[in-house]
Every structure is written in C-alpha cells, then in structure tokens.
C-alpha cells in the first residue's frame, strides 16, 4: 500500500524524461498556450460548421451522381450483362462504405481529420477526372448499339480505365465520408461553459443539419445529375460531379484558417490492446476496493508538445478490467505500458464494450430500413401508379426519392419547430437526448413495416377479389413513417457515438454508422434468401414467387415487425442501463 501511494507521486521510468522536459518549458508554453486559446476563440464561430456542411453537400452530391446511375452506365454504355453489372455495383458500393472505417483509423492515428479529408477528396477528384475522361473520349468506350444489331462489349482497357476511376472515387470519397462528419463536430469546443444559448443549440442540432444536408444532396443527384447524365451527356454529367469535388477540395484548402484543427491522439486500438495484454499479465491480481489506488498519469499541461488527452473517471462496471491499472512491485522497477495501463485506458475499453451492443441494434434496424429500397419498391410495382385522377403517374422507384424529401422535411421540422419548443419546455439546449432519438427511430421503423404489411394485405385482398389494382398512394404512409424513423435514428446514432466514443476513436465513431448500414443491408439480403428458400420448400409457392400476387409479402413484413419489435425492446433495456462517459 505504501509503495502504491508513493507511486501516485513518483513518475514511472518511461515518464521521467517527458516530465522533466515539460516542466523546463512550462512557463514559455503557458504563454504560448494563452495566445493559441485567443486565436482558437476567434476561429471557433459559426463559419466553420457552415463551411463543413457546404463541403458535405458537394461531396455527397458528387458521390451519388456516380452511384445512383452506375448500373445504367454499365448496361447502356459499357454493354455489360445484368448479372455482372449488379455484382460490380454491389462490390463498388461495399468498398465505398468500408473505406470510412480505414479512413477513420488513419485520421485518429496519424494524419488528423483535416488532412485526411483533404487527401481523400483529392483522390476522389483524380478518380472523377478519370471517369469523366472515360465517358467523354470515344476511344475509351465501345460504340453505341445499332438498332437490330448486337452491342459490342467494352474492351479490357476500356473497362480497366473506367473501373480505375470509380474505385479511386470509392477510396477517396469513402475515406473522407465519415471523417468530415466528426470534423464538423470538432469545430465546437467540448467545454460548453461560457457559450451562449444560441451556440449550444447550434452544437446540439449539428448532426441533424448534417443528415438533412446529405439527404438534400442525394435528392439533387437523383434528379438533376441523373437527368443530365441520361438526357444530355454522360461526359457532362460526370464532369459536373468532378467539378463539385474540385470545388470541395478548393474550398477546404482556402478555408483552412477558419477551422479548429485538433491533432491526432493516437491509435484507436492500441490502448485497448495494451489493456488486454496487461490484463493477461495480471489475471491473478486482486482489484483494490479503493479506485484511487489504481494508476493514472498526472502530466503537466503542455498541449504544444503533445495533444491534450481527456481523462475519464473510474466506473464500477466491468471491474475485472481494472486489473490492468493495478500497480505491482514490478511496475515500480521496470514498468511498460503493455503491463500497466491508466484508468483512462481501461475506461476507454469499457466504453467500447458498452457501445457495441447498442451499435448492433442499429445494424438490425437497417435490416428493416433497407426495405424502402427493395421490397417497398417491388410492392409499388404491383400497384396502379396513377394519382390525382390519372393526371400524374408515379414510378415505384421514385418513392425512394419521395422518402428522402420527407427525411429532409422532418429534420427541418424537428430543428426549427419541435426542438425549439422542447428546449423551452425542458429548459435545456438539448431537446431530446441522442438515445431518445434512437429509441424513437427504432419504434417508428416497426410502425412503418407494420403499415407496409397492412397495405400489402389490402392489395392482395383486392387482387384475389378481382377488383381494380390498389393505388400507389396507399404506400405513402409507410414511406413517410420510414423517413421520420430514418432521420431520428441516424441523427441520434451519429451524435450519440461521437459524444460517447473515446477521444481516440472520434473519427471511427461516425464510421461505425456507415458500417452498421452496410451490415444491415447484407443481413437483409441474406434474410430474404433464407425466407424464400424455407417458405418455398416442398414445392410450395412460398412468400416470394415470380408473380407477387401469388406470394405473401405481407407475411414477410409481419416477420420484420416481430424482429424490429424485439430489437426495440432490447434497445430500450440497453439504453436504460447505459452508463455514460464521465470526464474528469
């Protein structure tokens, strides 16, 4: 015990040199720090987040300008077959949504968020230039199909050039996609003391505006850019995408003095690995009853020498991990960060263990959410697309764009109306907590799929009764509720994971959102395959026959209602028992 107390005031061997050098420069550094604080204060204003949101619009619009019409280009211009085209788009989309995890690791460990975003967008610009060149030069694409004649397939060189371009876009845009979210949030100081009510409200609504701007960019791409590509010229359409990325790169470089640049704080996984290794070395060590006896570094505040690190308070959950922070006699003689870890490092691992179950419920959520782009559209193709007495016809695929419009509208309504009223009523800057937003999203997605089941049951009943086809307007309620659900959960998840993630994983925390979306879509495709094979066993028609009028898509929707309801109950349990991060 005496040795432990002595340890709390005596640096360990590997800290001695750093401590002495820090103390010798401390007076100068404190003076410089005051200057830096003044400089940062002038930069930390509303301009930086607004500029970042503009960059988000440019990046998302350019990305979806390629993505939404990619399968059409592969089919109509490169003359690929349907199976290979679908596989190519799926593989490219998977690479695009995997890159945010890699980009986040690079940003958190080495480059920082600003440099990672700048490099990523620059790589994407190079890819867009290659894609535009491929779509413009006749030598880089096969000749158009002649009526009644076979289409000449693209040569190997032509395919290599085009795919090199789109994969450069996947690497660049994918790497920057998640980082730019956390980079914008980073412009707000974590310390709310001294901030005005307007600043705190702006910080609380940032993730709502990010998601709204992103969806507005998707609508822009799905209407204007897709129209230009198909009706005017593929080269001009892709050229506009390249110009959008070029504007983002130039804008990011030109506005560098506006931003609050936070240096990387180290590998997001190294600290967790050190805790696990130290825990293995001290498996038989007893955890002291008094948490004050656990090891924590006490360093001079020298942010100009190294990034300032947040220190976390000790929690009693997962106490077996505290063994990694127990100071032994061997640590006083010759310690190593792989044998003795700080309380903060241990708490960071505990936070990850608390976040993973909540993250998994989000992956299950996206199984149901992905129906808006798949089974909902299939359902729409079996309805009468005419509305307003036959004056207009709404293609089933356009319902997805309508959902995106409702996402933007619901976010605007929440930030401008509901949130403001809730803040006044509750007397706080935060209208609803991120967990409450996520919970609302989980509940709403179950309601959306239930509405889809009711609409499909009504459609099948009218078909089997020989009545006229059901109008497509009957599907509108499920899309509206799904849009509200999407906006609520996505905004809540982005804000929750950014706020609760360890400091070393701020970039990766937003990347996990895109990863949960990808996993949800993968699980959805596997679920459809499984249900189709099981229900069609023994020669039965099953729930997914070639003619949907003979199937039971309504039963599939009811299955999803059960899955999402159980997932919602699990989320509520996890949210009620969640222990939030506490900073010293």
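Glycine too: its Cβ is placed from the backbone N, Cα and C atoms.
Note: TrEMBL annotation is automatic and uncurated.
So that you can see what the record holds, here are the features copied from TrEMBL:
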{"type": "REGION", "residues": "1-21", "note": "region 'Disordered'"}
{"type": "TRANSMEM", "residues": "51-74", "note": "transmembrane segment"}
{"type": "TRANSMEM", "residues": "86-106", "note": "transmembrane segment"}
{"type": "TRANSMEM", "residues": "118-140", "note": "transmembrane segment"}
{"type": "TRANSMEM", "residues": "160-185", "note": "transmembrane segment"}
{"type": "TRANSMEM", "residues": "206-228", "note": "transmembrane segment"}
{"type": "TRANSMEM", "residues": "234-259", "note": "transmembrane segment"}
{"type": "TRANSMEM", "residues": "392-415", "note": "transmembrane segment"}
{"type": "TRANSMEM", "residues": "435-455", "note": "transmembrane segment"}
{"type": "TRANSMEM", "residues": "467-485", "note": "transmembrane segment"}
{"type": "TRANSMEM", "residues": "555-575", "note": "transmembrane segment"}
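The recorded stretches the transmembrane segment (234-259) and the transmembrane segment (51-74) share 3+ CB pairs below 8 A when only pairs 6 or more apart in sequence are counted, and are therefore in contact. The transmembrane segment (435-455) and the transmembrane segment (555-575) are in contact, since at least 3 Cβ pairs between them lie under 8 Å (pairs 6 or more apart in sequence). Taking every recorded stretch in 118-140, 392-415, 467-485 and counting its Cβ pairs under 8 Å to the transmembrane segment (51-74), the highest total belongs to 118-140.
Taking every recorded stretch in 118-140, 206-228, 555-575 and counting its Cβ pairs under 8 Å to the transmembrane segment (392-415), the highest total belongs to 206-228.
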